[in-house]
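Feature annotations, reproduced from Swiss-Prot:
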BINDING   CYS434, CYS440, CYS479, CYS483  [4Fe-4S] cluster binding site
BINDING   CYS483  siroheme binding site
Amino acid sequence: MNEKHPGPLVVEGKLTDAERMKLESNYLRGTIAEDLNDGLTGGFKGDNFLLIRFHGMYQQDDRDIRAERAEQKLEPRHAMLLRCRLPGGVITTKQWQAIDKFAGENTIYGSIRLTNRQTFQFHGILKKNVKPVHQMLHSVGLDALATANDMNRNVLCTSNPYESQLHAEAYEWAKKISEHLLPRTRAYAEIWLDQEKVATTDEEPILGQTYLPRKFKTTVVIPPQNDIDLHANDMNFVAIAENGKLVGFNLLVGGGLSIEHGNRKTYARTASEFGYLPLEHTLAVAEAVVTTQRDWGNRTDRKNAKTKYTLERVGVETFKAEVERRAGIKFEPIRPYEFTGRSDRIGWVKGIDDKWHLTLFIENGRILDYPGRPLKTGLLEIAKIHKGDFRITANQNLIIAGVPESEKAKIEKIAKESGLMNAVTPQRENSMACVSFPTCPLAMAEAERFLPSFIDNIDNLMAKHGVSDEHIVMRVTGCPNGCGRAMLAEVGLVGKAPGRYNLHLGGNRIGTRIPRMYKENITEPEILALLDELIGRWAKEREAGEGFGDFTVRAGIIRPVLDPARDLWD
């Protein structure tokens, strides 16, 4: 809808079953506690299957052995994924040692998976270990509350070790926003931490009794880095600094990448600029955006429920005016800001605080001991001696932050001996995939297991055309939900079926343009043949400093997506 003909503020009609479930759940309790004690199944039943998501977990099974187990008349091998709440990705070394121990002793896969939402996941937690994992997290000051389902998810914050003062201020705001928007129900504490039921009635002053219509994602961004990919998120606070000190934020609302194959009513969308606000209004504005989406978001169709669709339906100006009314402010004009990149600076960086920060490239964020590369053990050894903290980046990498000069050599020695500092190409550093098979129930094609060898092939093409020192932002996501953020890449592969992907081109290096589908449902050899030709052309015909995505648009290879709500599918 355009501004002149906005749609209805509230979509009338039959509510989705998810709305019934939330309403009947008694503020997210359901019968999870009873289900925990049912030893006849390894999973959670009925509504609890979905309710555990509000508690930071997804029920999954090992898809590699699903058919085999069905033949044996066995239920799937159910296990939970747990995602920690970790605003801004900062974790202490004491916390790291605790999660390392749990992953090694109590999960099927034994790994820690860093995610592009700056947190970690455990995969393969059997039902008997579900309560212990929450208690372990609580014992070191962590939790998994609201990291999935219809809540404000883990709040991202730019990992900028150089601008230490600015990062510290922005990180504090990421934590404050996260805390402010958390659910108030005591269900989490009662079920997992055995805290007593209190006689008071639950209330959710911000989220409401049926919570949000759909997932909601928030970031705090420090330009010129767009490492957190703001346009993938519902609500973004872009830090504006004066003399190195944070003074306020530009607010951008309504980004999001998830689509459904062939459903033209779904689209990826970049976020819209609302305006500038001084720091003191941050929490009021965050609450106003969330409550406006709570009240106006579409609860009759989950595929049309995210903030991006609400904005398109009611109009950006209408939504913005309502946020101003609820927050009791008027936005000032957007302050100037620009992005220059979104990759991590791998290796040592000295901050203005004179501390050193070591960014380690972790392919696909998967931390495990591999033959000859004991990544997990190496990080544990560093955690035992490091006095600073660890920071997970939105590129699935890890920063050993705040290293004094005197400790630098010791930490580097462990990192090198563990394979944590092995040299990789710029292309590999700028490539990313979601988890996909074997654990994700939504996966249509491989992603994490496909990426390493795929990038070997891309590296060969880059070398063939003399551009090995360059990179193309390349991402693979196993399904159109888009966790791998392929819909903000220069080259994005979106899983369609086993071994087949939709190839998207025409995004840019800084993540401000949605790529358009170039070819549908093609295999890896077909993708490589197309990219061989296009990388060759880019190498020969590009202008100085021109990225691959910008080149494909300028050369007329692909039409840029200018208004995704209307022209993404054309």
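In case you wondered, yes, glycine gets a Cβ from its N, Cα and C as well.
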What is the Cβ neighbour count of CYS483 ([4Fe-4S] cluster binding site) at a 10 Å cut-off, with all protein chains included?
23
Looking only at Cβ atoms, how many others are within 10 Å of the one on CYS440 ([4Fe-4S] cluster binding site)?
21
For the recorded [4Fe-4S] cluster site, whose residues are CYS434, CYS440, CYS479, CYS483, find every other residue on that chain with a C-beta no more than 8 angstroms from the centre of their C-beta atoms, and list them by sequence position.
VAL435, SER436, LEU442, ALA443, ALA447, THR477, GLY478, ASN481, GLY482, GLY484, GLY495
